[in-house]
Amino acid sequence: MALFGALFLALLAGAHAEIPGCKIRITTKALELVKQEALRFLEQELETIIIPDLRGGEGQFYYNISDVKVTDLELTTSELHFQPEQDLVLQISNASLEIRFQRQLLYWFFYDGGYINASAKDISIRTALRLFRDPTGRMKVFNISCQASVSRMHADFGGTFRKMYEFLSVFITSGMRFLLNQQICPVLYHAGMVVLNSLLDTVPVRSSVDNLIGIDYSLLKDPVVSTSSLDMDFRGAFFPLTQGNWSLLNQAVEPQLQEEERMVYVAFSEFFFDSAMESYFRAGALQLLLVGDKVPHDLDMLLRASYFGSIVLLSPAEINSPLKLELKVTAPPRCTIKPSGTTISVTASVTIALAPHNQSEVQLSSMIMDARLSAKVTLRGKVLRTQLDLRKFRIYSNQSALESLALIPLQAPLKTMLQIGVMPLLNERTRRGVQIPLPQGMAFVHGVVTNHAGFLTIGTDLRFVKGLREVIEKNWPATTMGPQASSAPPPSTAAV
């Protein structure tokens, strides 16, 4: 009975799970690019680690090691890979570190001092990041594990007490090796919990697209990690800015991502585009009013000739009044994605009237317009753009079939008016595009769009347009850049 109840609850939860309008997959092919940029940043961070002074003695010998500075760092062998249950794992092996420090030695009443160069060899580092969805729908790093070890360390001693230093080198190098081990993991902890989370804060979650609508890219659940990819499900829903709490019910086909040949795959369902068009519809943007000189001259003459029988019966003031043409979408347009292409269906009312000054307008005709637009989707940089083209167009009367026949001569001029006067306005808005959820400093290149039944996918590669450090320093003050600025990391698991 308990098993049946658990199964019922699982099915109930699945039935109410929100369908994503946008999905993003990052494959292992992207990790090599990300690794190179991450290693450059880590090298800069590790070169600024602060190693405390080392003091000690043996018998009548007393030594003090101070002013320790990293002069060179080589991360020779490294690997960044996905791993279920740990999400993202970075392994570094056979790394080396060159340091310089000041030595001070006291033996009875004899003193010796100076600078020494030392090297740490066979440094190994393994760190794993766990990713999750925070309450705002943003991806965050919530846990970091770290293991670091320095296998060998050598110091080049010289001077009067070189033999004595060599005798004590086992104490000095062992102590410094321990201190180095203790400093590596806090740097990695800071890089993940502070720097990487700060970078993830640049990913847009809920932002405005223009002065009418906004976009919601909230994560719907924690990222799903396999050995070959990291998948993220986003709400991918537009909304009118005046109705921030409104959302369209997603009943579209869920996008599917199966390919892994490119660095990144982005998928959008019909819902993604439907919510954009319904948001514009609710914001009152899908209507056009042309009066007087705004109506093309040839169309003005054709319409007056077509309705000459009605116009001639009017008063002189009404006959000579400006022509008014009103185009108003009557229902939210709908998008259809098929392997053959993407189309948008639009239904609108067309009202033709005369608008005499200081008098009520005189309606000449009211008709229905059905239009089908083709949509070409492209991804450039981090912006998704759409180019619209009018493919099919017809007008008919909602009053009688006879009146529909009388409207046939208006088909061609009205279609021309749409192509010349309306489509450029639509494309001006769609060319501005909408940003894809991607951190600052990164962009998509070489995107290829593939249509499926109910959704489309874009296979693309990544590139860094700005270095990680440049992005961090631009958005956050210098006080957050060093490990000393981070919250205290968990106890180090460094091995001595």
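Just so it is clear, glycine is given a Cβ too, placed from its N, Cα and C backbone atoms.
Small disclaimer: the values here were computed from a predicted structure and weren't measured.
According to TrEMBL, the feature disulfide bond maps to C146-C185. Annotation source TrEMBL lists domain 'Lipid-binding serum glycoprotein N-terminal' at 25-243. The feature domain 'Lipid-binding serum glycoprotein C-terminal' is assigned by TrEMBL to 258-460. Annotation source TrEMBL lists signal peptide at 1-17.
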C185 (disulfide bond) has how many other Cβ neighbours within 10 Å of its own Cβ?
23
Using all protein chains in view, find how many other C-beta atoms are within 10 Å of the C-beta of C146 (disulfide bond).
21
Average the pLDDT scores across the domain 'Lipid-binding serum glycoprotein C-terminal' (258-460) and report the rounded value.
88
